[in-house]
Amino acid sequence: MSKYKLIMLRHGEGAWNKENRFCSWVDQKLNSDGLQEARNCGKQLKALNFEFDLVFTSILNRSIHTAWLILEELGQEWVPVESSWRLNERHYGALISLNREQMALNHGEEQVRLWRRSYNVTPPPIEESHPYYHEIYNDRKYKVCDVPLDQLPRSESLKDVLERLLPYWNERIAPEVLRGKTVLISAQGNSCRALLKYLEGISDEEIINITLPTGVPILLELDENLRTVGPHQFLGDQEAIQAAIKKVDDQGKVKRADK
């Protein structure tokens, strides 16, 4: 029986989402479509009468801005927002800034799918010569984390994301849910996928099939042990949501005209 409710979502669309590039830890902002997605998400949650007590985000602009816009639509701007690098997107290492379709042409669609969706596969690490290395690691936000700068990842599998996310879930988010607080998590695609895997008990093999579209709220109903009661639910127009999921899946494929 459901005892608690939790809402999570992947942030609204950013410029590099639109350009089909691996964004990861590069701090891209929402584009015009992403801004509207965030507002629509807020309207959807308002129509369902959600009242939040606490919001958790990553320390990436696109997830924070998404949360702000949702709270604005809800008229709940006063709700506390807490941000942590542990909710950041997966670190895609050397793949950061590269075009997914071009990578599929160069390395094959299955390899790109493994890099994007599998549990254990880690992309090649980012090197200091990478054009975005210094932009990431010289950013002040990473100098005030709860781990030293030199211990932050240079590349991650989804397994790595779950391992760095779980302490934050266990120590900060879960206790608030257990206190009866209504919590919103505005994060990234892979941090949300990792948390879904943990809460729903999704297998290492099955997680490759879980895709999250941008800007769509996900409802999780949890029991007293904070395990899901039934599968997660996408809130909104289901036909549009399925089309958005397909769009994300197709990002790692070669367009037919190029085959």
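Glycine too: its Cβ is placed from the backbone N, Cα and C atoms.
Positions annotated as active site, tele-phosphohistidine intermediate by Swiss-Prot, on the basis of similarity to another entry: His11. Look at His11 (active site, tele-phosphohistidine intermediate): DSSP puts it in coil. In the shown protein chains, 31 other C-beta atoms lie within 10 A of the C-beta of His11 (active site, tele-phosphohistidine intermediate).
Less than 8 angstroms from the CB of Glu89 (active site, proton donor/acceptor) sit Cys23, Ser24, Trp25, Ser58, Leu60, Gln188, Gly189, Asn190, Ser191, each of them six or more residues away in the same chain. Annotated active site, proton donor/acceptor per Swiss-Prot: Glu89, in sequence order, evidence recorded as similarity to another entry.
Look at Swiss-Prot and you will find 10-17, 23-24, Arg62, 89-92, Arg100, 116-117, 189-190 tagged as substrate binding site, backed by similarity to another entry. With a cut-off of 8 Å between CB atoms and residues at least 6 apart in sequence, the same chain places Leu30, Asn31, Asp33, Gly34, Glu37, Thr214, Gly215 near Glu13 (substrate binding site), listed in sequence order.
Counting only residues at least six positions away in the same chain, the Cβ atoms of Glu221, Leu222, Asp223, Val229 sit under 8 Å from the Cβ of Ser2 (N-acetylserine). Taken residue by residue with DSSP, Ser2 (N-acetylserine) is part of neither helix nor strand, so it is coil. According to Swiss-Prot, the N-acetylserine annotation covers Ser2, on the basis of similarity to another entry.
With a cut-off of 8 Å between CB atoms and residues at least 6 apart in sequence, the same chain places Gly93, Ser155, Glu156, Ser157, Asp160 near Thr122 (phosphothreonine), listed in sequence order. Residues or ranges marked as phosphothreonine by Swiss-Prot on the basis of similarity to another entry: Thr122.
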Inset, instruction - Provide the three-state secondary structure of Ser24 (substrate binding site) computed with DSSP. - result: coil
Inset, instruction - Please compare the binding-site residues Arg10, Arg90, Arg100 by how many other CB atoms fall within 10 Å of each one's CB, and tell me which has the fewest. - result: Arg100
Legend entry - Nearest-integer angstrom distance between the alpha carbons (Cα) of Arg100 (substrate binding site) and His11 (active site, tele-phosphohistidine intermediate): 19
